[in-house]
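**Q** Before anything else, here's the structure in question.
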């Protein structure tokens, strides 16, 4: 991940003039168009498409309306990503929502986002994906019964530790892992799509007859169905977390978005059709692992291929989530909203290893305490709260500062649609079906307000923290990187 050369004055310990024979320590630009598409598609195609279809169908009540939800989720992800692409060409810094909120609305809301994202949201998302990886990875060893939770959680923890090592060693290694696993998961989805098309050609269309019968129209039910569907599309904004690491970001960012998300949307719709061709809706609803049930019915003795494919898919997705999630922590620390040690990079490997290690530690805590469905609902609510804030920042920049240079412009109606959807997704479940996970968020954000004023606004830092930072810096072989103050 690369930070571009700064035009600002940098701290004397982290930047020097090249003419003096010294170098600035900064991360490398390693992410091109193919890696960018892989980062988006590879993170999006994770556990969701293999686990969420039954929940979307459960909340919507029938196959046809559940397919509409999947299509609408894809369209919303495209609109959101195109809006973010414009933001990425105006504010050419890594950090995604965090940096956009900071540059548009200021320090306080940006700190609340960083605090919530780094401590809770990103680790929760990574924990959910790794838990689903573990479920599929250990399933072949426990035929006919559910694997023990302790085995699942230990496997998920091992997955996180392996990802930490890969991402701390080398950015190119992490992106290579993403490219390979993205290819593998696309192949797995194509197997499911082709299998479904064969079934349809044979006339297995019972699931689609009277498709809209029994549709659920409750505001909250539709909102929760969107949550489960959008979980499968989560990752559409991942490239904005590594803008500084992109080769030619003004070109790569919009192009990668326009290739990756429509591709994933088409695959998701075809995969859902394939599930429904192979299973009656009642079978799909009773399946704990939809893709595995599909494999048992369609592939017979080759069904193990699906379990293997899903494990590979979720591992690749968790790598993308980890790659971008560590960057949020790193950028927030660089801007003074997290401890200094988290803003440093390894002096030889040029990876933000302290931030990656911290994200890993928080994810391990989430794995011990969480389960998949509650994590998804919790993650989706708070994520769309901040997506809405970010999109409102774009609308502010389009209306109040149209003179800002940008190489890509999105029609203003698109961010307006995304903002309306974000408001709906935040309010609908609270109004119609309030859940206990959402209530936990209020005191957590309140604790962020309490911490902001002494630690960030008034900069009251205990002296022993400086000593701890110095010792950690020596132990981890890390140093401050150049800083952007655009």
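Each Cβ is built from the backbone N, Cα and C atoms, and glycine gets one as well.
Whatever TrEMBL says is automated annotation, not expert-curated.
For 1-10, the entry in TrEMBL reads compositional bias 'Basic and acidic residues'. As annotated by TrEMBL, region 'Disordered' applies to 1-22. Look at TrEMBL and you will find 31-52, 64-85, 154-174, 180-200, 212-233, 253-278, 354-372, 378-397, 409-431, 437-456 tagged as transmembrane segment.
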**Q** With pairs restricted to those 6 or more apart in sequence, evaluate whether the transmembrane segment (437-456) and the transmembrane segment (253-278) have 3+ C-beta pairs under 8 Å.
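**A** Not in contact, no.
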**Q** Do the transmembrane segment (154-174) and the transmembrane segment (354-372) share at least 3 Cβ pairs closer than 8 Å, excluding pairs fewer than 6 residues apart in sequence?
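**A** Between the transmembrane segment (154-174) and the transmembrane segment (354-372), contact is present.
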**Q** Count the Cβ pairs between the transmembrane segment (212-233) and the transmembrane segment (354-372) that lie under 8 angstroms and are 6 or more residues apart in sequence, then report whether there are at least 3.
**A** no
**Q** For the transmembrane segment (253-278), which partner among 64-85, 180-200, 354-372, 378-397 gives the most CB pairs under 8 Å?
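**A** That would be 64-85.
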